[in-house]
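Q: Here it is, the structure, as structure tokens.
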Amino acid sequence: MSKGAEEKVKINLEELKSLFSVVDYTVFAFLLLISLAIGVYYGVFKRAQMRTTEEYMLGGRQMSVYPMAMSLIASFMSAITLLGTPAEIYQYGVMYTWIVLSYLLVSAASAYLYMPVFFDLKVISVYQYLAMRFHKAAQMLGALIFCVQMCIYMAIVVYAPSLALSQVTGIDVYLSVVLIFIVCIVYTTLGGMKAVLWTDSVQVIIMFLTMIAIVVKGTFDVGGVESVFRFAREGGRLDVTGSFDPNPGIRHTFWTLVVGGYFTWVTIYGVNQAQVQRYLCVPTKRQAAMALWINCIGLFILIILCGYVGLVILTLFQDCDPISAGSVDKPDQLFPLFVMQIMKHVPGVPGLFVAGIFSGTLSTVSSGINSLAAVALQDFIIPLRKQRLSHQREALVSKLLAIAFGAFSFCLVFIVEQLEGVLEAALKFYGMLGGPLLGLFTLGLFVPHANWKGAIGGIITGLLVIFWIGFGAIIETSRGHIKPAILPMSTEGCQALDPSLSVMPGTVTHNDTSEYCVLPAYHLSYMHYSTLACLLVCSAGILVSWLTGFNDPKEVDPRLCVRLGDKLFFYLPAALKERINFHTGENYRKTPAKFEKLVMTPISDEAEGI
């Protein structure tokens, strides 16, 4: 083991903050300038290529696979993921890495079940599908839920890492927030989807380089890979016994992470506007599917890297848990503290780390702004107008909407700031909205009998039940009645530099000893929120549809449903496949004129303006 690993850990936050140098600020500023430059390039020099809504929102549907795949990865690699995953492994062990198996299922479902429908319909907003399949009321309700969800999430995804980094590096929180929003609004508004995709591609490279540099330096400092896994094993972080327990109340098991992880992430990659809008940018479905699989590989590598970083952090702080010692307040500050600790004498690397973390933030916010503008235009402004705007005016309105949503989310940061103790609750709120939306789309795509009344009844039922469970769990957690057991950590090696800390040597387990009786539903793993919500929406939707009169599947437009017999059971006899397909669209196809009619009538370039 290296000398550094044998010495007692000495943590002095004020000293670490002072070591964040001019070089580090320069590296961080360089990232922001690159993003701005790409936006200016497309907004000024390629302006002629963004005269229509489709060109501005979807890059003219002519983007290549590489930038689109990199953008899908970048949007996943939010700062919350980069800071949260190492902390998760540090506190709870490698159980969380089971989630990579769900990525395989999500990629397959997104590429071969969900994406082809949206791609063939040539929608700009995924919620246009709901108007085609059900009713405009379903379209607007789904779009409204998404807008609330994304605005809140953008505020969180900027504020949470800014706060975590400020307490370790000394970077002012408000400076970070203002810079991120200004840069995102400018390059997203000017450059549209092309700027978003190419900026994301650059940011992915920065993020992976950052992670690799930290992994190499951190591993060297703690004595090598063998030391990392030895301490992880001794600390119980590699123990996965009991991981196959089917109890949905256990926070993380194989089943909650694979099954719950599938429903959680297919909500994002299957039906979320920010992601669907990306893979509608390429010319063919084959290219879109290819990008989704490249994204899957990228996510797998990312989780492994972040998980390993968590084990390296554990090795460095094996005898001095910074949380128990009072050096940091929250787990998401562990990674920044670790980087400043091992890189404090390497100018520029802490700046590269900050640039890498905020690259994830930039990607998430830019895609959020772009998708919100698309949804507001396609799902509210256009349906509510008697006369369509011209392509040019729609593009202009899209840019104004991007500015408005960026400014609104910036204002929400000051509300999120007041919720410092319940940031996790706000993130759960984001998940509580995603599950019902997944259920709404799943009902439309896979249940041709469902009608619009069932869709509305289903999503309202799903929202009410999941909000009851979710907020009930949040309240009980804040009261200390629900507390997951954190694996033990030691403080025997701490050097208490601040006399007020009064660190008591020993082992800290953070286990919950409360005997308070909590409603069993509140113990449901947060990974199953989307699972439960989706099942509730589908079940209630089918019931309400039955009570109000099922649709005749034969009369349903086959482009609006997934024919599972053809997709999954193609090897069966044709008659049996049709039974599995519920004979969807049989009569619809018998009327060629009806089948050819577009559900959403496109406008011409000569369409009149306001």
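The backbone N, Cα and C atoms fix where each Cβ goes, glycine too.
Bear in mind that TrEMBL entries carry predicted annotations, made automatically and left uncurated.
Not my notes, these are from TrEMBL:
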- 25-44: transmembrane segment (TRANSMEM)
- 65-83: transmembrane segment (TRANSMEM)
- 95-119: transmembrane segment (TRANSMEM)
- 140-161: transmembrane segment (TRANSMEM)
- 173-190: transmembrane segment (TRANSMEM)
- 202-220: transmembrane segment (TRANSMEM)
- 253-271: transmembrane segment (TRANSMEM)
- 292-317: transmembrane segment (TRANSMEM)
- 396-415: transmembrane segment (TRANSMEM)
- 427-447: transmembrane segment (TRANSMEM)
- 454-475: transmembrane segment (TRANSMEM)
- 529-550: transmembrane segment (TRANSMEM)
Q: Please tell me whether the transmembrane segment (95-119) and the transmembrane segment (292-317) touch - that is, whether there are at least 3 C-beta pairs under 8 Å between them, with each pair 6 or more apart in sequence.
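A: Per Cβ check, the transmembrane segment (95-119) touches the transmembrane segment (292-317).
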Q: Would the transmembrane segment (25-44) count as touching the transmembrane segment (65-83), i.e. at least 3 C-beta pairs under 8 angstroms with sequence separation of 6+?
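A: Result for the transmembrane segment (65-83) with the transmembrane segment (25-44) is no.
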Q: Looking only at residues six or more beyond either end of the transmembrane segment (454-475), which have a C-beta under 8 A from one in the stretch?
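A: Residues packing against the transmembrane segment (454-475) from afar: 130, 133-135, 137-138, 141-142, 145, 422, 425, 428-429, 431-433, 435-437, 439-440, 443-444, 482, 519, 521-524, 526, 529, 532-534, 536-546, 548.
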Q: Would you confirm whether the transmembrane segment (140-161) and the transmembrane segment (529-550) meet the contact rule of 3 or more C-beta pairs below 8 angstroms, pairs 6 or more apart in sequence?
A: no
Q: So which residues does the transmembrane segment (25-44) touch in its own chain, when a touch means Cβ under 8 Å and the partner is 6 or more beyond its ends?
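A: Hits for the transmembrane segment (25-44): 50, 171, 179, 183-184, 186-192, 194-195, 198-199, 202-203, 206, 348, 351-352, 354-355, 358-359, 362.
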Q: What stretch of 253-271, 396-415, 427-447 shows the most Cβ pairs under 8 Å to the transmembrane segment (529-550)?
A: 427-447
